[in-house]
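Here is the structure we will look at.
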Amino acid sequence: MNQTLLSSFGTPFERVENALAALREGRGVMVLDDEDRENEGDMIFPAETMTVEQMALTIRHGSGIVCLCITDDRRKQLDLPMMVENNTSAYGTGFTVTIEAAEGVTTGVSAADRITTVRAAIADGAKPSDLNRPGHVFPLRAQAGGVLTRGGHTEATIDLMTLAGFKPAGVLCELTNDDGTMARAPECIEFANKHNMALVTIEDLVAYRQAHERKAS
């Protein structure tokens, strides 16, 4: 990632700390991966605190595929099978079957309905019957070990939520341009500045976690 582009957001460690602070303040974070990987920016929000307005922003400016990142333990708690047995996608993205809240929604498509679905899925006592299948929210199962195991947006989301003190669950959606093309780093930076979002790269988060784990050992 071109560090010059990111310099206004601080050093790599500062970017992670700023992202954690933003999440605790109820703001979103733009997460960039490597230019040699997906080369995308994902808007992420804590599943616990994401507002209807933030969901609407995500739907309006994103790909439309609103994903709920969860751990494998949560996936098992909700009895959500993986979308396919043999995952042949380029990066092995861990989609489960899609979901909808069993109660409190209409068509499930609106920002408010998707928030209701997210909250139902992450509730402390959530059970499989709390969700209908299929639906309009796409759960993603994160790999154990986070970004140190897999350098994906899914794992970055779970790591950031955990480090910020939230439940290990977050909402993500890829940022797109007005013409429907994928937003790259310059557009992601412009969007983050416009919408008061912190910005961090997966590379930043890997370095941050490695440094903290070295200290802990």
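Backbone N, Cα and C define each Cβ position, glycine as well.
What Swiss-Prot lists as D-ribulose 5-phosphate binding site is Arg37, Glu38, Asp42, Arg150, Gly151, Gly152, His153, Thr154, Glu174. The Cβ of Asp42 (D-ribulose 5-phosphate binding site) lies under 8 Å from the Cβ of Met30, Val31, His153, Thr157, Leu172, Cys173, Glu174, Leu175, each of these being in the same chain and 6 or more residues away along the sequence.
The Mg(2+) 1 binding site feature in Swiss-Prot is assigned to Glu38; the stated evidence is sequence analysis.
Annotation comment: Swiss-Prot describes Glu38, His153 as Mg(2+) 2 binding site, evidence class sequence analysis. Cβ contacts within 10 Å of His153 (D-ribulose 5-phosphate binding site), excluding its own Cβ and spanning all protein chains shown: 29. DSSP gives His153 (D-ribulose 5-phosphate binding site) a helix state.
Under the DSSP three-state reduction, His136 (site 'Essential for catalytic activity') is assigned to strand. What Swiss-Prot records for His136 (among others) is site 'Essential for catalytic activity'.
Glu174 (D-ribulose 5-phosphate binding site) has a Cβ environment of 21 other Cβ atoms inside 10 Å. Annotation note: Glu174 (D-ribulose 5-phosphate binding site) sits in a strand segment as assigned by DSSP. The site 'Essential for catalytic activity' annotation in Swiss-Prot covers Glu174 (among others) and is backed by sequence analysis.
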* Structure fact -> Rounded Cα distance in angstrom between His136 (site 'Essential for catalytic activity') and Gly151 (D-ribulose 5-phosphate binding site) is 26
